[in-house]
Each structure stands twice: as structure tokens, then as C-alpha cells.
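K.L.:
One structure follows; several queries about it will come next.
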Amino acid sequence: MFRLLRFSPSRYYPRSMAPVRWSTHPYHVTAPRMWGTRMPLQLQASLRPNNAVEKGISGDVKVAGAMVKPAASGGESAKSKTPTVSELKILKDLFRYIWPRGDRKVKTRVLIALGLLLGSKLLNVQVPFFFKSTVDSMNIEWGDVGTALPIAVTLTVLSYGAARFGAVLFVELRNAVFSNVAQSAITKVSLQTFQHLMKLDLGWHLSRQTGGLTRAMDRGCKGISYVLSAMVFHIIPITFEISMVCGILTYQFGASFAAITFSTMLLYSIFTFRTTAWRTRFRRDANKADNKAASVALDSLINFEAVKYFNNEKYLADKYHTSLMKYRDSQIKVSQSLAFLNTGQNLIFTTALTAMMYMACNGVMQGSLTVGDLVLINQLVFQLSVPLNFLGSVYRDLKQSLIDMESLFKLQKNQVTIKNSPNAQNLPIHKPLDIRFENVTFGYDPERRILNNVSFTIPAGMKTAIVGPSGSGKSTILKLVFRFYEPEQGRILVGGTDIRDLDLLSLRKAIGVVPQDTPLFNDTIWENVKFGNISSSDDEILRAIEKAQLTKLLQNLPKGASTVVGERGLMISGGEKQRLAIARVLLKDAPLMFFDEATSALDTHTEQALLHTIQQNFSSNSKTSVYVAHRLRTIADADKIIVLEQGSVREEGTHSSLLASQGSLYRGLWDIQENLTLPERPEQSTGSQHA
């Protein structure tokens, strides 16, 4: 059986793309999109740790010349399990933000906006009446004009202008008043979504493509803005204005005009809604292709160095081009269907307007209507063209925004699996803490166990090392203690208490971690150190920098601690990054310390200097330290060594006792590392030798 692995260059090479433009999501690039629009590319630093298997650009894997389709990725399976959110539920959830309980300020703004909306529509309907009066006043024999008529005409014209300006003024005031409500709603939803994503477990994040995730958040936030404005300023006003015009036509000119108007509105709405529903699938396909293109670009750009190392620029360009072509095809269908919708809408409205104008002209000829009435009917019906055009575009964009918001609200509906128990207690951090694994079984995949019925104890206040071959479960122990995952069986105790009964925040606050690849923010050295404890004073940060022996580095840098480390810390060396990580955990001052392959990527000289720094700062009995290591020389002085093999504890003891044990796995690993020799070169054949 072949073991299928999906290669991810980001596991081996740093991501080197600097941020281009900050938005609600970091690393936001805008690239040309087909047909004159723009396609934003979300470049988000991946949430996956470097030792996690990531999904590559292509989901297919070649094994022995055959193309093998891997099982559904975590993202796909997770997607199928994600709860669906109905449009009605989305609108109901959104209503809570524009009419929040107990917030009178927001409610007052909404009521004022609705009042201004009503006033603008009433003034807007008055405009055709003032125009009719002006036309009728002018339709006289000018030789009989007295002095009073010009004044009446002047007042009518002034009223016409005042009504038009008043309607526009009320609309702008309404927008200004409601903008605060809309932006506050967007801010609240964005923040709540971000906070919810931070609460979701690590397994959920590993199963998602970050580029598509940030794109969904970006579109969803924009969708909120549009839905709020559409519902408050378009749907309600259009309905109100159509009802008012139909009532006026019925009262002024009879049921025949109102019947045509009502039939037109009904046919127009049915055609718009059905055509838009048909177009929705094209929009969904476009969004899917858009996410795919963004993910391909994201994976390619953040692994820029790997692309160059293997000369695969053309391969990735072809991948990106394929995604863009799918997006282009979807957008063409969107544009073509939009042209069909606009043509149908205009045909329906123009036919109705022509019929009503013909009827009005007959009325003028028969003497039942005046020329002013003809103008009034034309103005009233034609005035509906604006809200009707809005109805079509608003419904189209409203459906699209609801689709975009669906993805955003789906994120909020994902359940948090790692959470506090009802009676969670705080973990005491004023004393050394021990860690006990009792019959723990765990696997990232149900078909592949990483730990199998493991039991061991990490003594309090002592240095314990965990060693073993690759894949034996060493780093998994940290993830379980940190409660990134829950064990399938057994339990883990810290300080004598099951970690499931401990407050999650207090547990994680008690654990300090120095990882193999230190995650750094694209910020200054000072801010990166401060991240270990953001409430620390300047003096405490300086002491942590001194203890981690970063002072010399800062002295050699032109800007000192204000130097920006670059994306993922590329502006400083590996040893300096690890010292920065040590400064962080010194600032955190946690009673439990994990060093997860903290020196494996360093040269011998840097490794020894870093081990000396660790020894100076973490050798006291006040802290429990756990070292996960491949290089056995770095943990030879440990008080206890736990050797793992194939997910089980093979042996335990000190360095000397394990070396003294004949046939021990630890001794075999030690001998291999200490007696490593170069393989002999094969002898050349006699025929190839030269005298």
C-alpha cells in the first residue's frame, strides 16, 4: 500500500510576501478581473502550523504513474456538515443589529430615517401634481391674462422646485442618519465572526482554505451593508410609492389606468423575481470560481520561494489561469443573463407606459382629460420607472448579498467543540504542576491512531524530555495538553485535575511554548515580544529582552527594538527568532514550559548558545519543562526521558539508565546519532578507470 501525502512547500519554506494593503483582512491585493471589474485577492497568513499536512494546489496525487483521487478533504467534509442558513433566518439575525434591545440611540436613528423616508416619498409624489398645475395654467389664451395669473404660475413653479429639492434633501438626510446604524451593524457582525473563528478548534481551521475563508468574510461584510440599505431604503419605499401611485390613478382617472398599472407591476415583479432566481446559480458558480482563484493565488504567493526553487512558475500560472477561465465563463453567463433581465423589464414597462399614454391622449381628444392630466399620468407612471428599476437591481443584488451573507453566517453557526465545562475551575499557577496521561488514545484521522492507550507522568518542577522516531506522537502531546484537540479515550490531568474540568483560558495561560518555527507578526521586535503578555510594563519587556540575550541584536539594528521583523520574521535569523520566542515565554512566566523542537533548525553554534540561554532561565524547580527533541544530546541532562514509538511509551528513565539498558530504543537512537558516518562511495568499474 502506498502512503499518500499531499506536499505543501510552506512546510519547508517561509512565506515571504509582504502585505500590500490593509483591510478588514490582512494582505489584501487587488488584481485585474475580466470584463472591466476587479478581483480582490485575500492574502492571509495561513492558520495551519508548519507540521500539519496541507492541501496542495491540486487535489490529485500521482502514485506509480497512476492518478489517485484523495478522499474528500477536511474542507469538503466540513462544508457538507456546515449547517445551512435560510434567507429568512439571515434577515432575522440581521434585524437584531438594526433594532437592538436596550439601545435607544440606534432605534431613534432608525425611526428618524424612516420618518425622512416617508417625507421624501410624499414630496416626490407631489412633483407631478405641481407640474400638471403649471401646464394647465399655461394652457390659456395669453391675450386675456391678468396680473394674478403670473403670480400663480410663479408660485406653482417654485412649489415644483421646492418639492423636488425637498425630496432629494430628505433622502440625503436619511442616508446620513442611517449610515451610523449600518456601519455599526457591519462592525458588530465582523467582530463577532472574528471572535467566533478564534474560538473554533485547530482541527476546524486546518480543514479550511484560508484564502477562501477570508474572501467569504469580505463579501459577507459588504453584503450586510447592501442588505441593510436595500431593505430600509428600497424595498419599503418602492412598495409604499407603488401603492400610493395606484391609489392616485384610481381616484383621479378611474380603474382602467390603475388596472394597467397594477398588472404591469405584478408582471414586472414576477418576471424579475423568477429571472433573478434563475440567475442566482450563475452567481454561485462565479463565487465558487472566485474563491478557487483566490486560494490558488494565495498558496502560490505565500510559497513564493518554493515556486522559484522548483521552477514551477508556469505550472502555477496554468493553475491560476484555469481558475480565472472558470470565473470568466461564470461572469459571462452573469452578464448575459443580466442583459436578458434588463431587456425584459424595459419591454414590460415601455408597453404599459405606451398603452396608458394612448388612453390619456384619447381622453384629451374627448375632453374628459386636460393636457395637464396627460402630463400628470405620464409623470406618475414614468416616476415609477426609477423605483421599478431599483426593484430589479435591488432584488438581484439583494439575492447576491444574501448568498454572500449566507457564507458569513454559516461561519458563526459552526459549533465550538473545545469549550469549558459548566463548573470549570481555574488552574493554580503559583506552584509547579505535574502532567499525567492516563490511557490516552487519539488520532487526527479515525483510521490512523497517533497515540494508543498512552500512560505516563511528567513530574512537577523537573525537566522531562519526550523523544522518539518521527510520527510517534511527540508534538501531539503538546496539542492535547493545550486542548487543541480532545482525546478519544482516557484523560489528561494537570496539577491533579482533569483538563476538561479546568477553565480553558486559565489552562492555556499556564502553558508557555517555544515552537520550532516561531510565528511572528509583521510588526516591531518590541511588539512581538510584548505579545507574550500584552499587559507587561516597559521595564518587564526590557528584562525579558535582556534575559533572552537579544540586547546585542538590538544594538546592531539601526532602529533597535522598533525594527520591523518582516513577514513571518524574515528580517532576522533563525537563532534570533528563537531568542525572541524565549523572551515571549519569559514575559508570560508560565509554570508549564514546552520546547517543541526549539533548536532543530539551528546550526550547532547557535543551538549551544540558545540551550545555554534556556538553561539559565528555565532550570529552576519552580517550573515544569517539557522538551520534544530529535537531537538527543540537547536533552541528555533531563531528569526524565520518555521514549515513544508508534504511539506508545516504549521506555522511560534517565539518560544513563536508558543507555545502560541493552536493546533499548533510546540507546539505538543515540548510537545512530553519535556514530553517524558517510556512506561508502561505490567502486568504479575497471573499464571506466584511466591510467
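Cβ atoms here come from the backbone N, Cα and C positions, even for glycine.
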K.L.:
Pick from 340-358, 625-643: which range does Swiss-Prot record as transmembrane segment?
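P.N.:
So the range that Swiss-Prot calls transmembrane segment is 340-358.
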K.L.:
On the question of membrane sidedness, does Swiss-Prot record Ile302 and Lys107 within identically named topological domains?
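P.N.:
Yes, Swiss-Prot places Lys107 and Ile302 on the same side of the membrane.
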K.L.:
For a quick check of packing: other C-beta atoms within 10 Å of the C-beta of Gly473 (ATP binding site), how many?
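P.N.:
I count 24 other Cβ atoms within 10 Å of it.
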K.L.:
What span in Å does the ATP site cover, taken as the longest CA to CA distance among Tyr444, Gly468, Pro469, Ser470, Gly471, Ser472, Gly473, Lys474, Ser475, Thr476, Ile477, Leu478, Lys479?
P.N.:
19
K.L.:
Compared by Cα position, which of the binding-site residues Arg279, Arg283, Gln345 is the closest one to Lys479 (ATP binding site)?
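P.N.:
Nearest candidate: Arg283.
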K.L.:
Sort the binding-site residues Arg279, Arg281, Thr343 by C-alpha distance from Tyr444 (ATP binding site) and give me just the closest.
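P.N.:
Nearest listed residue in space: Arg281.
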K.L.:
Of Arg279, Arg281, the binding-site residues given in the record, which has the fewest other CB atoms within 10 A of its CB?
P.N.:
Arg281
K.L.:
Within 10 Å of the Cβ of Thr343 (glutathione binding site), how many other Cβ atoms are there?
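P.N.:
I count 10 other Cβ atoms within 10 Å of it.
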K.L.:
So what's near the transmembrane segment (340-358) in sequence-distant terms, Cβ-Cβ under 8 Å and 6+ beyond its ends?
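P.N.:
Distal contacts: 257, 260-261, 263-264, 267-268, 271-272, 275-276, 279, 374, 377-378, 381-382, 385, 388-389, 392, 396.
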K.L.:
Between Arg281 (glutathione binding site) and Pro469 (ATP binding site), how far is it from one CA atom to the other, in Å?
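P.N.:
Per the Cα atoms, Arg281 (glutathione binding site) and Pro469 (ATP binding site) stand 51 Å apart.
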K.L.:
CA-CA, which of the binding-site residues Arg279, Arg283, Thr343, Gln345 lies nearest Ile477 (ATP binding site)?
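P.N.:
Comparing Cα positions, the candidate nearest Ile477 (ATP binding site) turns out to be Arg283.
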